[in-house]
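Chemist: As annotated in TrEMBL:
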REGION    1-20  region 'Disordered'
TRANSMEM  31-51  transmembrane segment
TRANSMEM  63-83  transmembrane segment
TRANSMEM  95-113  transmembrane segment
TRANSMEM  125-144  transmembrane segment
TRANSMEM  238-258  transmembrane segment
TRANSMEM  279-301  transmembrane segment
TRANSMEM  317-341  transmembrane segment
TRANSMEM  361-383  transmembrane segment
TRANSMEM  487-506  transmembrane segment
TRANSMEM  518-538  transmembrane segment
Amino acid sequence: MSEESAPGPKESPPAAPRAGSREVWKKGGRLLSVLLAVNVLLLACTLISGGAFNKVAVYDTDVFALLTTMMLLASLWILFYRLSDELWSARQGGLVLFGICTLVMDVFKTGYYSSFFECQSAIKILHPLTQAVFVIVQTYFLWVSAKDCVHVHLDLTRCGLMFTLTTNLAIWMAAVVDESVHQTHSYDSSHSNTSHLRLAPDSERAGSSVGGDCSCNTAICQIFQQGYFYLYPFNIEYSLFASTMLYVMWKNVGRLLASSTHGHGHGHTPSRVSLFRETLFAGPILGLMLLVVGLAVFIIYEVQVRGEGGRTQQALVIYYGFNITCLGLMTLVSLSGSVIYRFDRRAMDHHKNPTRTLDVALLMGAALGQYAISYYSIVAVVVGTPRDLLGALNLAHALLMIAQHTFQNVFIIESLHRGPPGAEPHGTTPKESCHGLTFANQDALHTLPACPPTPRLVGSNPVGPQEAVAIISAPRGHWRRRCLKDISLFLLLCNVILWIMPAFGARPHFSNTVEVDFYGYSLWAAIVNICLPFGIFYRMHAVSSLLEVYVLS
């Protein structure tokens, strides 16, 4: 976990004036870094959006030049930053995975532009090479420095972190625009229309910015071209992951660490986690079944949609059918988890916890992407003219997507605010010992407030192990913990398969033409390409949060 989980120590009265001035300067440093980020981001947004259209005299080479300069400056700042030896493993896995895919994408992009180097601007080859260096340097930086709480050169560090964060957002915007333009250009070409967008580097427009006649006729060139567009979603996710971790580091600049352990993390973080310990096995088994079935559905969908047999509608019916079933079960399970918490006597943790606050903000913010897609789909289906099976399935899928995100967020947020197992109910005093009493009825024990929840058998007559087990049973809340562990594991596995499908290329949003016909391809492609990465990010962050819920249950 990040050191952001550690709140600052309480201040003594004599140090109050100095601490107050320190807080004012801290806010001023943050304001300076935010202003720098906003101005750089607006400049990048202006060039990226302007370079996408032929009617604007901004070429894609100008966009690549800006991004290359930003990545070089951010890499230079990272190299001068003091690296620490601590590790942050909570979100490193996703960052490294997407980083590797981004490097592969840069290799493909370099190979593609190198195929017709004589008629291309050198910046188009320099850009992917610079991005590869930037990804390597930044990933190593986040791997070793994510827990840093810097107390020297505070303003410089804040500005450097914000500039690096802005660089990642600019890369994300450029990737979204480039992917949207490529999809629109492909769609228009298949429908014999003329595209008014320029950033898509298809063969007939590869040299548009320099006036050359470039063509991608060789097989290796076409492999590079298709390969790096296929890997664009991973580049988008990498930028979002890196931006999140950089924001955490920015918040931690100047933070003071408390010496006590109270408030660290969400509760406790054991060194080893057994995923199937103290569960009823129903949740993990059902979740694994859905994971396997989902992989089969994903393969069938990709084969039938990309095939030439015209079986797209059948593939969509299978895809929507599985997703509706999975989302429906996840909604019911999340609701049951919230109901179980109504009987939970553990105290709610209302202490200020920056890490928990950030986790909740990421869950709620990332869910907005899928909310937006779902509401756009609902409007298209309800207002549009088609009334067929696919329309009904699309509507049910959109409604269940909204319900599932809502109730899963409620369950996760409530779980993160619960105390660890064995925490006393809110407002109760520590219980005194009941030694010397013998209980024949375990249920009667819980009517006595002064008795511990797990007493030991006391009596003059010795009893065997079997009799002792019969008399002293498990705590009454044990079944609740097992149910909550099953629920968290089931939701975790379902989120994994719902992440795999869109992350690896499933796009029913374009195969189902309801929204395309209603909004037009250009607008709908922009909506999906902007919002869907947040939905993919939500699934990965939900997996991380549900794993923590499992530990806390």
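Quick reminder: no glycine exception, Cβ is built from N, Cα and C everywhere.
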Chemist: Please report, as numbers and ranges, the same-chain residues at least 6 past the borders of the transmembrane segment (518-538) whose CB is under 8 Å from any CB of it.
Modeler: 172, 176, 179-180, 183-184, 187-188, 197, 233, 236-237, 240-241, 363, 365-370, 372-373, 376, 379-380, 383-384, 405, 499, 502-503, 507, 509-510
Chemist: Of the stretches 63-83, 95-113, 125-144, 279-301, 361-383, which racks up the most C-beta pairs under 8 Å with the transmembrane segment (487-506)?
Modeler: 279-301
Chemist: Are the transmembrane segment (31-51) and the transmembrane segment (125-144) close enough that 3 or more Cβ pairs fall under 8 Å, when only pairs 6 or more apart in sequence count?
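Modeler: No, the transmembrane segment (125-144) does not contact the transmembrane segment (31-51).
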Chemist: Count, for each of 31-51, 95-113, 317-341, the Cβ pairs lying under 8 Å from the transmembrane segment (238-258), and report the range with the highest count.
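Modeler: That would be 95-113.
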